[in-house]
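Visitor: One structure, pasted below without further comment.
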Amino acid sequence: MTNLFVLQLLNGVQLGVLLFLIAAGLTLVFGIMDVVNLAHGVLYMVGAYLIATFAAATGSFWWGLALMLPAAVVVGLVLEWVVIRRLYARSHLDQVLATFGLVMIASEAVKIIWGVSPLAVPMPEILSGSVPLMGPLQYPVYRIAIIVAGLAVAAGLYVVINHTRIGMLLRAGATDRMMVSALGVDIGRLFAVVFTLGAVLACLAGALVAPILSVDTGMGESVLILTFVVVVIGGIGSIKGAFFGAILVALVDTLGGVFGPILLREVLDPAAAGQAGRMLAPMLVYILMALILFAKPAGMFGGRG
Amino acid sequence: MADATIPHAAPMRRPLAGRVKAAVVLFAIFAALPPVAAALDDPFFVLIGTRILAYAIAAMALDLILGYGAMVSFGHAAYLGFGTYAVAILSSYGVHDIFLQTAAAILVSALFALVTGAISLRTRGVYFIMITLAFGQMAFFFFISLSAYGGDDGYGLAQRSTLLGSDMLENDFALFYATLATLVALFWACHRIVGSRFGRVLTGIRENPTRMEAIGYSPFRFQLAAFVISGCMTSIAGVFLANQAEFVSPAFMSWHRSGELIVMVVLGGIGTLSGAIGGAVAALLLEEALGALTEHWRLWFGLFLVLMVLYSPNGIAGLVKQVANRGRKS
């Protein structure tokens, strides 16, 4: 029981750092640019496909990762330049529609380019295998590496946002865009930087997860909605909120799925508990969101309503 | 240029009457569809027509809150799902009557809309969009895990709903006209709601909630009431969709559906009711046409959407107006 708990806890944290990488960009784009970007999940998918292609071409995961990052920058810049830039002054409804269109274009384009069958990305040699954790418990090294990489990015973001000039501009932009612009900051360039940063982080999340998931066209969708929940729970525009929100959502999702039925078995007979648990588990995250919003409509760390 | 200013100067009733006229024309075209399909010996048209009519009901219901209440609900497909599953679940228990099934769909939808609406309406803007989306997904996952009714794979209906004890809806033509009659009745209801004191308060809240509050209206109550009404109407569309497809599955409630409903409303021009109906027609016909041309129709549909938003912010209606104005000028 303890072993299972530790295992699921680690899985939860691993999902959490991935969600954070995606949510960080999304919350900045929402908070600073006030743009609803439904296409953010697409970037996660594109990251996975890019690394699959580059890793297959070079025969190495690391080369794939190294080539994926500049490609992600290009994707982010082009997307911002061609579509997103024209949406800043538009209503949320227009943004929803245009980025919904982007989702359709991207998922279909991916199908045309890479086909419908899922791709596999080889795991890097050095990170394959498992380490003993406690007693008979083993845990895959790669998942630990994801956690470490995610936490490192989170720490890096923390430093950039709280201790550098560009971070100061980001925070100022999230609080009051007009004022930042009035103080002579090139807001257009700031927006492009923010969007590209978010795109690269989402692509990175997709690339990191590629070796342990099958890379397919549906992968962006499930993650997009979870990321929305994270951003809403954490508070729009708050990186800190995105981090804690991501971990919380991931833990509730993973632990709830496993331990919900076990807990229900205490009060219900096994068959009913199994059925109720299966139905409740996928809904837990949304119930959590409803509870948090009921208490704090602007999320845990959100300043604006 | 002179005639461009006339619409602003004209009294409010004029454009409203025009919209009713537009709707009546649409209804007349619809009513003529089955005989034409029969003459062409292509019953498939009638089935597509029924599908379009059902989505028109849903789009119009969404327009009620999106257009008149500025509530961008991205979870409306959930209500389509409640309607479809009300048919499936009740009919598996031997309750085939369409009125009972509709009543069940409305009841469930009202409850769901009341609870999720009360939470969602505590927020606005981007938050509202994302929260309604998340609640829509919650309903979606609930039905995916509903293994008794096929879960992810869906569930085929043994028979269509019965109307007053007769199985006349098994006939595609009868189902078409029943859907059309419902659309007309609901259009009339929406039209009355929009023109009522309630509707005007709702529009007032859309324009300026603070001012409405200052003169003594609670925006929350009016918005929630509209949200519930809209959800219930959408579930009626679901009842007809289930009958049209004779199959239900969680695919009816995916967030893509919610997005497509918004697309329909915006295509026809928001806040016009008849526009939502026209938008449903245009979106679904475009889908069918692109689908017939290429397997990758989504790519082109997405491209169309992006271009429409970037270059014609007021939808097809706006485009028609632009072209008409240009024609008048030259």
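Note that Cβ sites are derived from N, Cα and C of the backbone, with glycine treated the same way.
Features from TrEMBL:
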- A:12-31: transmembrane segment (TRANSMEM)
- A:38-56: transmembrane segment (TRANSMEM)
- A:62-84: transmembrane segment (TRANSMEM)
- A:96-121: transmembrane segment (TRANSMEM)
- A:141-161: transmembrane segment (TRANSMEM)
- A:187-213: transmembrane segment (TRANSMEM)
- A:219-236: transmembrane segment (TRANSMEM)
- A:243-264: transmembrane segment (TRANSMEM)
- A:276-295: transmembrane segment (TRANSMEM)
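Map the listed features onto the structure and describe their local environment.
Guide: Long-range contacts of the transmembrane segment (A:12-31) within the same chain: residues 37, 40-41, 43-44, 143, 146-147, 149-151, 153-154, 157, 170, 174, 194-195, 197-202, 204-205, 208-209, 223, 226-228, 230-231, 234-239, 241-243, 245-251, 253-255, each at least 6 residues beyond the stretch ends and with a Cβ under 8 Å from a Cβ of the stretch.
When Cβ-Cβ distances below 8 Å are used as the criterion, the transmembrane segment (A:38-56) is approached by residues 22, 25-26, 29, 63-65, 67-68, 71-72, 75-76, 79, 96, 99-100, 102-103, 106-107, 110, 113-114, 119-122, 198-199, 202-207, 209-210, 213, 215, 217, 219-221, 223-224, 227 of the same chain, each at least six residues removed from its ends.
Taking Cβ pairs closer than 8 Å, the transmembrane segment (A:62-84) reaches residues 33, 35, 37, 39, 43, 46-47, 50-56, 98-99, 102, 121, 124, 191-192, 195-200, 203-204, 207 in its own chain, all 6 or more past its ends.
Below 8 angstroms of C-beta separation, residues 10-11, 13-14, 16-18, 20-21, 24, 123-124, 127-131, 167, 170-171, 201, 204, 208-209, 211-212, 239, 243 of the same chain, each at least six residues beyond the ends of the transmembrane segment (A:141-161), sit close to that stretch.
Outside the transmembrane segment (A:187-213) by six or more residues, the chain places 18-19, 21-22, 24-26, 28-29, 32-33, 40-41, 43-52, 61, 64-65, 68-69, 71-73, 75-77, 79-81, 84-85, 88, 121-124, 140, 142-143, 146, 149-150, 153, 166, 169-170, 173, 177, 180-181, 219 with a CB less than 8 A from a CB of the stretch.
For the transmembrane segment (A:243-264), the residues of the chain that approach it from at least six positions outside its boundaries are 4-5, 8-9, 11-20, 23-24, 154, 226, 229-231, 233-235, 272-274, 276-278, 280-282, 284-285, 288, 299-301, judged by C-beta separation under 8 angstroms.
Taking Cβ pairs closer than 8 Å, the transmembrane segment (A:276-295) reaches residues 226, 229, 232-233, 248-249, 252-253, 256-257, 260-262, 264, 268 in its own chain, all 6 or more past its ends.
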